[in-house]
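Annotated features in TrEMBL:
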type     : residues : note
DOMAIN   : 1-434    : domain 'Major facilitator superfamily (MFS) profile'
TRANSMEM : 35-58    : transmembrane segment
TRANSMEM : 70-90    : transmembrane segment
TRANSMEM : 96-119   : transmembrane segment
TRANSMEM : 126-146  : transmembrane segment
TRANSMEM : 158-178  : transmembrane segment
TRANSMEM : 247-268  : transmembrane segment
TRANSMEM : 280-303  : transmembrane segment
TRANSMEM : 324-341  : transmembrane segment
TRANSMEM : 347-368  : transmembrane segment
TRANSMEM : 380-400  : transmembrane segment
TRANSMEM : 406-427  : transmembrane segment
């Protein structure tokens, strides 16, 4: 609900910005100044996100997944809701901007740490389901916001304070429910607290699970590396983890170079440009969300039933079609203005925006962090992923109001070109990981990378084969897999001879 306030209450926030500019700064609320205020609100969210990535994300390694995903999240949620409440009472954009800053620091905990916490608790066969079930929270929030935030109900300057109050009450209720949940068993294994991990496995997997087998799998996962924490540089220097990181980057860029994020922030603006009134825009979003809700139930099973590759293909096709239609819509609006055709096209765009995430494709990036990397590398990889995501989204959200006021269609051209390049790369290199133990996925990738490297060395560099193998051993020394153990032994054996 907090994330959706900026988009669903756009008229209320604009009125608040008008009041702030006139009453607090003595400035005339021109279109340029209001656009600047909107840019400040979105930019401060990204600043808070950067703070969170640097300082709060490592807390999940030091204090535990539950501490970061439950207690730390509660404090941030409550504080940002309090700022929003005070902003509503005093019509002060400064307080709302402060709330956006605090809310931004909540982003990495909500989208990364919480999912990692859940993925480390569930059985391997249900990782896809566990990562996608969270999309219901956003769908329900959209249904609440696009119905209750209507200008005819609570979406007014005198009543929107109710939304942050609801957030504060619900956050307290959630905290009370989650205090009895145990810590992540994989994090406990990392801390060598095996007995507590066994109790945690019993809680999350059920009393009739194969306890010894599950705990042994987690220990093997921990023992993939000797170190308890790897830096991003160590990840990059290892050929297997570097390959995994490239795949993750391709997935990340494929999902981020999409118009869904910008549509969610400026949804009312886009609807108004296409020819809809604000009330019609709220109604359309509510209807589309309600219609697409049943498909979300199917989406929770797609990742585990079909696999990661088919899911990304289906969802990616929807996203690409949406970007093409949106570009065409903006061109028509720019040339001939809003019409019934632009309204119809934009309804299709909104429908595709709602259906694509229902496949669960957005969960693949978090899944790959937990499936392609050992526990010791996840925080470093997660930080890099969040920073790259922020580096992509910040210019998009910051410069959109400016570009949109000059020549709107040009803004959407990169979203049509980039997915074609990234999609081709992922088709060739993206692995299938559904239902497999993490240690098995990483060891299998290690064997594949090793076989490709051996072929290159034997075919192209036969005269320095021994040196190449020595370098491979050094690069893989942090990754304790059958291939690296064999290479290390072979290297030592050769040195004695």
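If you go along the chain as it appears here, the first residue is 1 and each next one adds 1.
Even glycines carry a Cβ here, placed using N, Cα and C.
Note: TrEMBL annotation is automatic and uncurated.
What you see is a predicted model, and the numbers here were worked out from it, not measured in a lab.
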Sort out the residues at least 6 away from either end of the transmembrane segment (70-90), same chain, that have Cβ-Cβ distances under 8 Å to it, and list them. 2, 5, 16, 56, 59, 96, 98-100, 102-103, 105-106, 109-110, 113-114, 157, 160-161, 163-165, 167-168, 171-172, 174-175, 178-179, 181
Would you confirm whether the transmembrane segment (280-303) and the transmembrane segment (380-400) meet the contact rule of 3 or more C-beta pairs below 8 angstroms, pairs 6 or more apart in sequence? no
Excluding the flanking five residues on each side, which residues at least 6 beyond the ends of the transmembrane segment (35-58) place their CB within less than 8 Å of a CB in that stretch? 6, 13, 17, 20-21, 68, 72, 93, 96-97, 100-109, 112-113, 265, 379, 382-383, 386-387, 390, 393-394, 397-398, 401-402, 405
Counting CB pairs under 8 Å, which listed stretch among 158-178, 347-368, 380-400, 406-427 touches the transmembrane segment (324-341) the most? 406-427
Near the transmembrane segment (347-368) in space but 6 or more residues beyond its ends, with Cβ under 8 Å, are 111-112, 115-116, 119, 127-128, 131-132, 134-135, 244, 247-248, 251-252, 255, 259-260, 263-264, 284-285, 288-289, 291-292, 295-296, 298-300, 302-303, 308, 311-312, 314-316, 318-319, 321-322, 325-326, 329, 385, 433
Counting only residues 6 or more past its boundaries, what in the same chain has a CB within less than 8 Å of a CB in the transmembrane segment (380-400)? 39, 42-43, 46, 49-50, 52-54, 57-58, 107-108, 111-113, 116, 229-232, 234-235, 245, 248-249, 252-253, 256-257, 261-262, 265-266, 365, 369, 373, 411
